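Peer 1: What follows is a single structure, and I will ask about it in a moment.
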């Protein structure tokens, strides 16, 4: 969170404040951005599934209107979350990233996973509640490791078939039940490129709301083995010199930060700051 944006559980029964509207097509935006006067937004003909109070931006309360479908609003259009990450104000992206995670959770937890009965929204904590089961469901967070493997002035970068053409990045993967982040790192590296690592160093973390990952970032040194790419997961993987890198991930991502940080340290440059 930033000084401008703090999360909070707010009662939707209160009035006023700002609101964002999210549909399966993205967030509603106009020439001023994605934050709208809440009272005005609620007067539009929107197909609202639920409303959640999500925090404060510049001291003002912010609410999420999660929509069943996208509606036409004069002077507005729909924009995906990734575009906000790549462009514009990063603090606004943080608001929308949090809203997207809460909206996804609210949409997916309308019914109890145990008995199938409708769940009700609790306004004093971030939870959905099933009264027959006395079951509370909280927003999902999926821990994932992401690692830059280094070998002196070389870094190991790979690309997935899902990547933008030409872009190479670090290795990453979800933690399994019972694993530590370090154990996940070792396993994922073995699975994806079949090499061994040592001297695992935690660097930092970043929320990745696509849809609900918590990325735990590491540097690790190459310890042995030859690259063998995992079929269907890795399209190409190779060692690159810090002096001659391929196209890299977006500048606001932790993947890019891990790369830029190592390059800066090897070349004696000013270290970058991880976007929080």
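Cβ coordinates come from backbone N, Cα and C, glycine included.
Sharing the record's features from Swiss-Prot:
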{"type": "BINDING", "residues": "82, 125, 138, 206, 207, 208, 209, 210, 211, 212, 213, 255", "note": "substrate binding site"}
{"type": "BINDING", "residues": "112, 115, 130, 133", "note": "Zn(2+) binding site"}
{"type": "DOMAIN", "residues": "139-262", "note": "domain 'Nudix hydrolase'"}
{"type": "BINDING", "residues": "172, 192, 233", "note": "divalent metal cation 1 binding site"}
{"type": "MOTIF", "residues": "173-194", "note": "motif 'Nudix box'"}
{"type": "BINDING", "residues": "188, 192, 233", "note": "divalent metal cation 3 binding site"}
{"type": "BINDING", "residues": "188", "note": "divalent metal cation 2 binding site"}
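Burial and contacts for the listed features, if you can.
Peer 2: Every protein chain considered, the tally of other Cβ atoms within 10 Å of the Cβ of residue 211 (substrate binding site) stands at 14.
Using a 10 Å Cβ-Cβ cutoff, residue 115 (Zn(2+) binding site) registers 11 neighbours.
In the domain 'Nudix hydrolase' (139-262), helix, strand and coil residues by DSSP number 22 helix, 52 strand, 50 coil.
Cβ environment of residue 233 (divalent metal cation 1 binding site): 160, 191, 192 lie under 8 Å away, each six or more residues apart in the same chain.
For residue 188 (divalent metal cation 3 binding site), the Cβ neighbour count at a 10 Å cut-off comes to 23, with all displayed protein chains included.
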Peer 1: Is any of the binding-site residues 82, 112, 188 within 10 Å of residue 172 (divalent metal cation 1 binding site) (Cα-Cα), and if so, which, in sequence order?
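Peer 2: Of 82, 112, 188, within range: 188.
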Peer 1: Using a 10 Å cut-off, grab the number of neighbouring Cβ atoms around the Cβ of residue 112 (Zn(2+) binding site), all chains included.
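Peer 2: Around residue 112 (Zn(2+) binding site), other Cβ atoms within 10 Å: 18.
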Peer 1: I'd like to know which of the binding-site residues 172, 207 has the most other Cβ atoms within 10 Å of its Cβ.
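Peer 2: Ranked by Cβ atoms within 10 Å, first place goes to 172.
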Peer 1: Can you grab the distance from residue 188 (divalent metal cation 3 binding site) over to residue 213 (substrate binding site)? Cα atoms, rounded to a whole Å.
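Peer 2: Cα-Cα, rounded: 16 Å.
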